[in-house]
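Features reported for this protein in TrEMBL:
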type	residues	note
TRANSMEM	B:109-131	transmembrane segment
TRANSMEM	B:143-165	transmembrane segment
TRANSMEM	B:199-223	transmembrane segment
TRANSMEM	B:280-296	transmembrane segment
TRANSMEM	B:308-330	transmembrane segment
TRANSMEM	B:401-420	transmembrane segment
TRANSMEM	B:441-459	transmembrane segment
TRANSMEM	B:465-487	transmembrane segment
TRANSMEM	B:494-525	transmembrane segment
DOMAIN	B:550-672	domain 'STAS'
């Protein structure tokens, strides 16, 4: 066993046990006194301040679920104020509505009218943008195999709900392509939308209800971090794959095929396309290609000259108007071009009686709700964060989740399907200069007018144009520069990205996503299972110790092996660490043999934030096996939690005496080499 | 933007941009020269040595799959020797058999005979231990709802295979309780062992085949770390729960109940026990209780006086002999005591024709094989490691997996079910002083003798004694001191342990295990998702910076906020880090306002082993938003991988100039405060 030393041994432990300490073979034998050694290592490793388990748990729970400390402002306020603040927290609309007096409205009206007269072109462009989005809504509903009118309904109620509950000023909500795609493909597996349209609709509303419930619960339970597991790389790959799947689905409309596969994969879709060449309609193809070229050119113009953002924003509406006119004038519906057909006028019908909690479909709707809920939430939160960071305000993720969730729950009762904040809409909103959530209200009013009066105008709108609009929209989701950036930065992230992409295209949308999330998590687990360890050396003339491999000026300290572990030590890696450290020692013994013997193993625990029962068992085991080899193990700078567990292990048996704990590597090296000199025979 | 500094700015950058640098409000304005500042921070953060992606990948793959570097010894050997070494690697038996010459055998024989004459009592005790284990084999086969003879067969072939392939000297292989339990319960869900005994047997062999395949593949693919995810805490809870489930199942035999539930949970079993009180047989209960008391006393004796280990080892055999004699003498089988009945003499039949790869049951057998394979592998490896560490030799985990896996594949073709290294057997083996894998051969020979000649003796063995043997054996799996130790060390580990226990008892064996593994992994993920961050302060009179909360002597440096992050920065935590750091800055600004203004944020990255694309985006974002507040962010000691990614980010735009990178916190503080003094107006 190792002897006690003056510096740490509680004072007064003489070096009577010097035989057991390995001797400094190759070192100069200058006499060193106890006092000098004590001076070399004056900084004790302190135990962390005592804290009860309950208070530690409380701190950890707070850090996990309330990292943003949302009730900070509440502290020290009288009870009445606290209530008022809580209501305001839940309804951000109250931040600006109560101070909205009659005189304010008068001046707003005057100002508004003045500006309006100057800005009629801009206002009309915003209006036409909103109408363009309506066309997108119709298109997305078709993507989810739902009646087009549901897409319009979904652009009416949810924006109004969000205006009351949401805290982002730029987010424009409505149906989005990915969530529509996933909902359609998951529900189609069980029910055919053509054979049982009513049941399909009921399942869609029920899934929307569950999606809202999942989103709101994540917010209320403060589990917002769940969506953090969808990394940027996963999303880039997933979006690109989904965009291709969505675009391929539009081949049905674009080629005028009647009998199309219901599957989503690239293989069955292409097979279906080339099996039905006899159904291809040249009129449809011609129209589709023309409008697709028009839409893509408009998109290109807006990317090239950002000020002309309204060109691409208005293009969908223009396409719809022009194509509808063309069909109407040439009676093209009789020449193989399929049209939307009659849509009923009128606002959303209540649909709570359509929610279906039948056990036959409960599993399906819950699963669909979970997947679409999380995906659409991820999109909504990411869009909100992006614009908040551009404008320099904060968005509370958990609050947003509650807002989006409630919006979908209300939506499911008013004939809407899953909606969320869409990137393209919000970008238009932002570029058009919106200032408050009021823009969502205006958008809802536009939709209301459409629903009440303009529905007959859509009768002759050809489906092929909706297909072209979707393709032009989803092409923006394929973000090649981001893929290149990921490739350059991190090859593993690139792998995740490619897996998500390939999984979505070749297997299925959900499984592709699951594979990518699985790989991301597996990668994180691997970082724990195979933690980084480095051999450190001294940078000459300083007290600094750094990675030998990284810093060429760092030099081995003869007689010492200095290892730094960079991960929590736990069940998943203690076997690895054990074997790896033994291998380092073997290699190091071999390396150092030529010059001098190895005596001390220094384990730098600065970067070990936590340790568990298996980890402590590992430390004890490695200490024993190192001592069996006649070497000595010392630990440097254990952090609070690690120090606490070491103390508790010491209660059973004094494994880690104070004399094997040092605050810095430099002090450990100084003190140990002095000691080795002293105990030299 | 921040100005260039002489120390890092590539030499010669004058402080012409001093207006943008925040001014040191509360500091003394002593004149400081550029040279002094340069001297304060002489250590540059070096980029890591350039390395190609391929070589980095190679290093990572090696560290992941070959952490033990098994081919170390092969290097620099001629090709012939390498081949020889490879064969020896695969068949550890070759390590000692080839050098086993005739003269060695002669001396061994003489020595053996000499010792034998002195050690007949010991030899006979080892022999009776082996026979006791046979009785355990019969009992375990009943636990898996298999014919008792399969338990004997499984004690014959696998030990011989292991003797050839295995590298542990102490491991004694055979059927074990947990794997038997799991296999029985999983297969019973689909097929009734009483209604379709042949099909059940076929499924058992097929599951064994898949278990072996899984085990061998884990070894060959070097995925041994998969079993590391079963932490100590999980195993303790799981074992205790499984022991109680197993013991409860024995109530059938112990009470003489004929109509017993096939379910495993504590609730249905207890309900079944008290619904059939009319079937309780007092003779059976009396016999069972007597033998249970005898076996438990023997166990107690062996624990109390470790030298008497053979008492508990021989007790099962003694029980079987005595009870069989009792039944035979009193014709007790006519008085309500059920007996094993006729067993056929003869060695294992080949069973490869019984392997069933029918699609109906393929899913079930593969799943059963996977679960039992991993569980039994965990037990085998853990036992091997335990005894290797006691005796001070190394066991190669991946090699052991191949050995155990091949043993089970061979077993499945020779009428054996899943076997592995059992703790109780190996402990007896170790205590009896075994030296090589030869002990497994001797054990197999004992079984052979039994199978060939002693089978008729088992006819009258009562089932109640087998039940008592199992209960006495599994009680040892309930490790209360370990539970207490876990409770004391780590409350989260205790939670995992309790969840595994409760899950096994109340839900099912597999799901209990899945829940516990899930919680363990979730905990690891949470450590990444909510990483530790600490505010550091200076320990007076030194260059050491430590956690303010932990070290009372550490003091805040006015004007600075020093944060250390202790986890890889990746997609799972960059949102959290972003929000949390902003909150630190707000709180710190508030705190420091009284004395002096906050100017510099120092981010210590020493403990950040890795960073991904999202992490780099986070660093850039936090730098920008800190600069927006008029503060300055500097990074301290980024490790190799982090530094490399920072450089790559810099290629696009020069986000992190050399003047915001420092090697140590002390140098950063010294250099920045000197600069603040200089630029003071």
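Placed from the backbone N, Cα and C atoms, the Cβ positions cover glycine too.
Caution: TrEMBL annotation is automatic and unverified by curators.
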Next item on the list: List the helix, strand and coil residue totals of the domain 'STAS' (B:550-672) as derived from DSSP.
Entry: 59 helix, 22 strand, 42 coil
Notebook entry, point to check: Is it true that the transmembrane segment (B:441-459) and the transmembrane segment (B:199-223) have 3 or more Cβ pairs under 8 Å, skipping pairs fewer than 6 apart in sequence?
Noted result: no
Notebook entry, point to check: Mind checking which residues reach the transmembrane segment (B:465-487)? Cβ under 8 Å, same chain, six or more beyond either end.
Noted result: 135-136, 138-140, 142-143, 177-178, 232-233, 236-237, 239-240, 242-244, 246-247, 250-254, 287-288, 291-292, 295-296, 299, 315-316, 319-320, 323, 340, 424, 493-494, 497
Next item on the list: Grab the same-chain neighbours of the transmembrane segment (B:199-223) for me: Cβ-Cβ under 8 Å, and only residues 6 or more beyond its ends, written as numbers and ranges.
Entry: 65-66, 144-147, 150, 183, 186-187, 190-193, 351, 354-357, 361, 364-366, 368-370, 372-374, 376-377, 398-413, 415-418
Item checked: Contact call for the transmembrane segment (B:401-420) against the transmembrane segment (B:143-165), three or more Cβ pairs under 8 Å -> yes
Notebook entry, point to check: Hey, which bits of the same chain come close to the transmembrane segment (B:280-296), Cβ under 8 Å, at least six residues off its ends?
Noted result: 253-257, 312, 315-316, 319, 322-323, 326, 332, 335-338, 462, 464-465, 467-469, 471-472, 475
Check: If you average the pLDDT over the domain 'STAS' (B:550-672), what number do you get?
Finding: 85
